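A.B. asks: Sharing the features that TrEMBL gives for it:
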BINDING   A:102, A:103, A:210, A:302, A:303, A:419, A:420  K(+) binding site
TRANSMEM  A:7-26  transmembrane segment
TRANSMEM  A:32-52  transmembrane segment
TRANSMEM  A:64-85  transmembrane segment
TRANSMEM  A:124-146  transmembrane segment
TRANSMEM  A:167-190  transmembrane segment
TRANSMEM  A:226-247  transmembrane segment
TRANSMEM  A:259-279  transmembrane segment
TRANSMEM  A:313-332  transmembrane segment
TRANSMEM  A:377-402  transmembrane segment
TRANSMEM  A:447-468  transmembrane segment
Ligand SMILES: [K+]
Ligand SMILES: [K+]
């Protein structure tokens, strides 16, 4: 337990330092960020000093406590400047949770006129949240056996000194790839005509598939075809497995079932929707392709930028976008949703079952990336989908208690749990905003984003009393 | 193959006889039913004579062909009188498919002024569809290994002479229970003040959890509290496993995990919604309890009667009813949806997975009705849920192509695939009707009802080319 508190205190110290940096850069909001930094650093420092020397034991259950608490700590610290600045507490908490979980649903409007310090802070929250999730996906989720992630449990997740060192090397390589992508993305955005501030803010939220923008028009502010195609590319980059980048860089091996499945699906959906739009709406082919590609990639990678209000494309497109919202990118990336690995395992298991109809006594094992998927992983994936569906439906019903209409409650629950950002409908659609929702709904959605980011199970394990008896 | 055609011809002959009976009873629609009977009996007779002596081989794959074709044959024959009478072909087919799958969505209005012959025919279709589904669930689905139904594969599904005889005895006992329930239900309805015709028509569609009524006000026409409570009771009776009745009658053993789970869930949901209604709406307790109980049991047993438009209870109730629509009664009953057995297996498997988090190397097997559930059944259940979800979502997207709003397409797809009947929203809600939908949407929904009734997999297997290569 003290070690969990110690790591949380490091997180607070890091975030306090970032607040200090923001204070230095933007005079208009200097006092807000200085105050927040002071408070965060003090609390972080106290916890750090009181826990740094009592290491205590460490077991698998502490991983749940660590992930579960880190996202709450970061959301609270992230909310602090927003609250001190101008927002109510729930609005600040919602905005920070939406940031740190890389969801990108926002309660703020008039973004174009908002202080730059605040805009950068929102973008930084998403960027930290993205890298935090990748590191958790490499270091913690596999040993926590959450949602079939034990599939990625390699020797490097075990306890030996040598393996720990190699895991640390791997994690730091990942962070370098993340930094590199963000840097290149910033340069590309500048070369396309964004101001430096816009480029940095959007690069931070593109690579993290977060989706916060500096304008109410979201990415639609940039009408350049070049910028929109580059945005599409870098959103996709944020949704690819970071372990895959490292393998490509180290060994030049491109092959990955997840990456292939994601790209094939995207190409099929984009072509299908483009043809449908051109045939029914008569819009120009290339412009339609660009619009469709950007918005489909944005939803599937769970980034949530919009360049147009695609919900005005009619009920068919709205229904298609709802389904895409649930999909998600690859595991081991910054993106949310159910993710490709799980869809692949699910579909292959269904396929094996179909074969068994023809040959009831045949043995059809499910393979993934060349290895046999064992029953434990299979039921982990199945459990993930059960919790995923149950969380979304339960949240939608609970939102109904606040008299939200069905489209808003269902798409709101879905977009929160899948960490996408925009919903469907007039209120929370890509052109809308979550500010108008009642406070209770904002608390519920904050919980949905939190549960979705931690792949449900992590949060639900914390709610079981038996866990707390065992963990101490 | 000839045997499959032979059984279908028997079905046609039986339905032709029922048309003849309806013609005799109701002079106003005599010629319609005589014409239909003549046509059906002629076609049925020809097929029967040409196939009765060529038995041919029989293998497991023929079961798919038999179930798949029987529901189409019955829907076509069932549509014939409706088409000859007054409806367009798609309306007649939709109505008959909705009948034979015991869905109960209707395109007909002014039911109170409709010829009784037509009303009885709709009720008879549901009654036949109900008993057909129970028999298929006992005799065919377990050997077809559809949706985990191999769980119910006992020696009686195997091929020995003695076992076939015992399966036949079991099926005939089931039919007697079904007849008995229908008879008692009719008497109870008469004793509560229904006319004989109303009582028979409603008993036929209560026990089959079909939900067709003789009035536009559905069961709401009968304001008697006694009748509404009895309706609640007999809808529940239709959703209990018919094998359970036989066990109770033979051996007096009441214990059944499915029955218990269904009743516990119903009590919890009914009490919860009643308390919420009383607290927020201030309605009288007993009347609210009756209204809630009737409508919840109606949706969960997938009957689909309504005594009130519960979608006017606000978004929370609407969301709750949408989720209840997906639930379903017990396997081996007439009801649709995912059914209790599968929810139980699903939840226990999730529970086992949660336990594995605490003890990664422990073995936690899933048990059902005292027996261990093997992996084959588990993945059958998982496959069911995948196809269930995919069919509903795919159908909802396809309905979007006809410019239906999201509530209508989603709840329409759900209510069709779960064989419930009413959807949510102004168009297809409990107070509405499917007549206004475009023809394409009606075809899609007919397919949804068909796929849902045959537990998806049966239909999808027929769509795989490899099946047709193997079956001949
Ligand atoms: K996002
Ligand atoms: K029904």
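Using the three backbone atoms N, Cα and C, a Cβ is placed for every residue, glycine included.
Just so you know, TrEMBL annotations never went through curation; they're auto-generated.
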A.B. asks: Return the members of A:103, A:210, A:302, A:303, A:420 (the binding-site residues) with CB less than 6 angstroms from at least one atom of ligand 2, or none.
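C.D. replies: Passing the 6 Å Cβ check against ligand 2: none.
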A.B. asks: Around the C-beta of residue A:102 (K(+) binding site), how many further C-beta atoms are within 10 angstroms, looking at every protein chain?
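C.D. replies: Neighbour count, Cβ to Cβ under the 10 Å cut-off: 32.
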A.B. asks: With CB pairs under 8 Å as the measure, which of the listed stretches A:7-26, A:32-52, A:124-146, A:167-190 comes out on top against the transmembrane segment (A:226-247)?
C.D. replies: A:167-190
A.B. asks: Within 10 angstroms of the C-beta of residue A:419 (K(+) binding site), what count of other C-beta atoms is obtained when all protein chains are considered?
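C.D. replies: So the number of other Cβ atoms within 10 Å of residue A:419 (K(+) binding site) is 31.
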A.B. asks: Name them in sequence order: residues not among A:102, A:103, A:210, A:302, A:303, A:419, A:420 whose Cβ is within 8 Å of the mean position of the Cβ atoms defining the K(+) site.
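C.D. replies: Neighbours found: A:101, A:104, A:126, A:209, A:211, A:304, A:335, A:336, A:418, A:421.
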A.B. asks: Which range wins on Cβ pairs under 8 Å with the transmembrane segment (A:32-52): A:7-26, A:64-85, A:167-190, A:377-402, A:447-468?
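C.D. replies: The listed stretch sharing the most Cβ pairs with the transmembrane segment (A:32-52) is A:7-26.
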A.B. asks: State the residues, same chain only, that lie 6 or more residues beyond the ends of the transmembrane segment (A:377-402) and have a CB under 8 A from a CB inside it; answer 'none' if no residue qualifies.
C.D. replies: 145-151, 326, 338, 342, 345-346, 349, 366, 408-410, 412-414, 416-417, 437-438, 440-441, 444-445, 447-448, 451-452, 455-457, 460
A.B. asks: So how many other Cβ atoms are close to residue A:103 (K(+) binding site), meaning within 10 Å of its Cβ?
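C.D. replies: There are 34 of them.
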